[in-house]
Amino acid sequence: MAARPALRSAARALRPSFRSCSCPSARYAKPFSTSPLPQKPAPTPNNPDASSFSDKTTHFGFEDGLSEAEKTERVAGVFHSVAESYDRMNDLMSFGWHRIWKDHFVSSLNPGLSSHNPPTPQNILDVAGGTGDIAFRMLHHAHQLNRNPDVRVTISDINTSMLAVGKQRSLKLPASQQTALSFLPADATVLPAALAPNSFDLYTVAFGIRNFSNIPQALREAYRVLKPGGVFACLEFSKVGNPLLNAVYKRWSFSGIPMIGQLVAGDRDSYQYLVESIERFPSQDEFRDMIVDAGFVVGGEGYENLTGGVAAIHKGMKPLDAK
């Protein structure tokens, strides 16, 4: 009986908490870093474009001391393995909450909104978006809700298996949305030169940035390709503030998720890595500061917690006077 109040408290904490950044002020502004990018080792067969890797070490889940090239290769192996079951596993791992988070993420960005007639065209880059979950939602929102057919989305992903799933799923979209989509195999830390500076209105990444081998460099690339006034928006797992909810969440993450990965996808190790990668990802404040260090301006706290901090939305704007 004594446990019931604690359980009720945990249940209340699990309800979605969409705390908006209501403060209009732009804080934490710092100059954009113009230091040259580090050189990386020679290309490898699994990673022909190796120009983004530095000689710094990084981690793969709880394993430290890996080169950036090695992490990229091992993360690629994880997502090649889970591509076919990825969306089904997201439902099982989050009890369907990832759909609510993604819907809210897209609604908060309101793609396609324009006060002009005809509507102003918008160019969106969805990074690590292989299976299309975010891109398809943005196109529906822009084309159907905001009646703006001039919104185009490029889905970029380093993993060709994930892109293949997205391409197959896109065949179910209306023809007008299919023609507004393009797919691009690319490393987020060194986007192709074809993605010119100041060319996108919106850059999104959902549940992907924690897997990047060099997050600060990926943020600099996001800054490079966004237009002045363009928005960087990230949805990612984060840190839970409520101690009771955090204990329940950790227990589920490290016990339940790898077990479901084994039962449903026959791949415990990949899902063990995904859980560990969530644990190693920076806190909300730490990631906010990384976004600011890349040159973006943030409003209010710079992030919005979802479901008590299980996930969070981060946004930053490229200054209007940026070169």
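Positions of Cβ are set from backbone N, Cα and C atoms, glycine also.
The feature region 'Disordered' is assigned by TrEMBL to 1-57. Annotation comment: TrEMBL describes 1-17 as compositional bias 'Low complexity'. Residues or ranges marked as S-adenosyl-L-methionine binding site in TrEMBL: Thr131, Asp157, Asp187, Ala188.
Shown here: features listed in TrEMBL, placed on the structure.
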residue : record                               : Cβ contacts under 8 Å, 6 or more apart
Thr131  : S-adenosyl-L-methionine binding site : Ala83, Tyr86, Asp87, Met162, Val165, Gly166, Arg169
Asp157  : S-adenosyl-L-methionine binding site : Val127, Ala128, Gly129, Gly130, Leu163, Gly166, Phe183, Leu184, Pro185, Ala186
Ala188  : S-adenosyl-L-methionine binding site : Val127, Ala128, Ser156, Ile158, Val205, Gly208, Ile209, Phe212, Ala218, Glu221, Ala222
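Those residues noted as binding S-adenosyl-L-methionine (Thr131, Asp157, Asp187, Ala188) have their most widely separated CA atoms at a distance of 16 Å. Over all protein chains present, the Cβ of Asp187 (S-adenosyl-L-methionine binding site) has 24 other Cβ atoms lying within 10 Å.
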